[in-house]
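Here is what Swiss-Prot says about this protein:
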type	residues	note
DISULFID	183-197	disulfide bond
DISULFID	247-248	disulfide bond
CARBOHYD	79	N-linked glycosylation site
CARBOHYD	129	N-linked glycosylation site
CARBOHYD	235	N-linked glycosylation site
REGION	27-56	region 'Disordered'
SIGNAL	1-26	signal peptide
TOPO_DOM	27-264	topological domain 'Extracellular'
TOPO_DOM	353-502	topological domain 'Cytoplasmic'
TRANSMEM	265-289	transmembrane segment
TRANSMEM	297-315	transmembrane segment
TRANSMEM	331-352	transmembrane segment
TRANSMEM	503-521	transmembrane segment
């Protein structure tokens, strides 16, 4: 053998050792097939197992045992005639909103569901004493329970959380959901209203012969409820029902939860009711405002516009329905009619206030009623007229011009006496004189003894030009007396207008008080306040 023999022997030995150490088919034959990234049955490689990885291997083995040949579309019953009993319960986390206009209630709830799946049972002793597993709900059969009275959004649960699986085959699944359920809103006592909203749950495809519901609790679980700032849950109970629909011959079970919720009225009381009451009280002040100020109509119209704005605000809040008018809407409508009536009454009062003798004659019944007895009933005291002075000639003059006419008469008498003295010194008697008796009559042509007799009787002899002057003075006095009488009649009309204002002042106060009582009394008697 040549020198290459040792090299050949060494190469042969290395090849034999390589064949002995390398497994048949190579390392690729021992490598497990790749699994999908989301495959729940996939498990980490043994080299990646942490300390205590034997438990994970046991769970992996249990998963393979449970879901080998499992069909998630078939009902979990041994026989097709068997019924799956689903225990159902509801837990509310938050009452998000109650939309009165669209008549919807938005809630955040947890649907508690529990049933038995005989295909998912195992013996804990065979699998490391594992008594429960959390499995994705997409891998197992779940009942198709939906919200029947859904108003918007998804009917079924959208967030598929994991289910809690027990060794006895019991499946416990509590998925969260946000539902918008339809609710018939009754706004009769708004904002002191109480609503009764329902949530109806049941299987959409399985009738009572396939799936039957059983309540976990008679009431809604409120342990995790987050209080709302607008609504308070008074009561929430569930009832089991079985109903036959027109579409199908089968009977379908359902569990209906009735939520009795009461509105917290503080916000609406501060921002709506109190301002409305204050504006309504301004209507009363319209009749206390004097007619001479000229702002009565302006105040009435301003109040009417303010109430119109409040009515528009309520229209945006309450649902657009013609079935019932809310109590606050009735109150505002009543107040608007009242304010409109006050405008009409104010126009009439202003018309009465500006009447005069040249345009109207006061009837006797108006003078007797509105100037006599009615003011006494309303506790109105009219100041008495000033005391009139008595004229020496018994002429009734106006108080304001009494002094002027008295002085004029006195001066005339002095002039007449002086003139008579002048004629007496000359030895003559005044050719033409007039006399003024105590009753205001003029006498002319008196002379001699007759004139002396007239003077003794208190009458005065006047010259012709003095007689004309005196007649002018009496004309002025009569005109002033006529103006004084007209002014007195005008004051009577103004007082009649004041009495009418006072009548409606008390009438509006009473009606406003009764309207306020009528606003709060019905909800109080109904137990909503």
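Backbone N, Cα and C define each Cβ position, glycine as well.
Positions of the features from Swiss-Prot, shown on the structure.
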residue: 79; record: N-linked glycosylation site; DSSP class: coil
residue: 129; record: N-linked glycosylation site; DSSP class: coil
residue: 183; record: disulfide bond; DSSP class: coil
residue: 197; record: disulfide bond; DSSP class: strand
residue: 235; record: N-linked glycosylation site; DSSP class: strand
residue: 247; record: disulfide bond; DSSP class: coil
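When each of 265-289, 331-352, 503-521 is scored by its Cβ pairs under 8 Å to the transmembrane segment (297-315), the top-ranked stretch turns out to be 331-352. Of all the glycosylation sites listed (79, 129, 235), 79 has the fewest other CB atoms within 10 A of its CB.
Taking the Cβ of residue 183 (disulfide bond) as reference, residues of its chain lying under 8 Å away and at least six apart in sequence are, in sequence order, 98, 103, 104, 105, 195, 197, 198.
Only residues 6 or more beyond the boundaries of the transmembrane segment (503-521), in the same chain, are considered here, and those with a CB under 8 A from a CB of the stretch are 192, 273, 277, 280-281, 283-284, 287-288, 327-328, 331, 334-335, 338, 342, 345, 374, 378, 529. Of 79, 129, 235, all annotated as glycosylation sites, the residue with the shortest Cα distance to residue 248 (disulfide bond) is 79. The least crowded of the disulfide-bonded residues 197, 248, judged by other CB atoms within 10 A of its own CB, is 248. Annotated pair residue 129 (N-linked glycosylation site) and residue 235 (N-linked glycosylation site), C-alpha to C-alpha distance, rounded: 43 Å. When other Cβ atoms within 10 Å of the Cβ of residue 247 (disulfide bond) are tallied across all protein chains shown, the result is 7. Distance between Cα atoms for residue 79 (N-linked glycosylation site) and residue 247 (disulfide bond): 27 Å, as a whole number. In this structure the C-alpha atoms belonging to residue 247 (disulfide bond) and residue 235 (N-linked glycosylation site) are separated by 33 Å.
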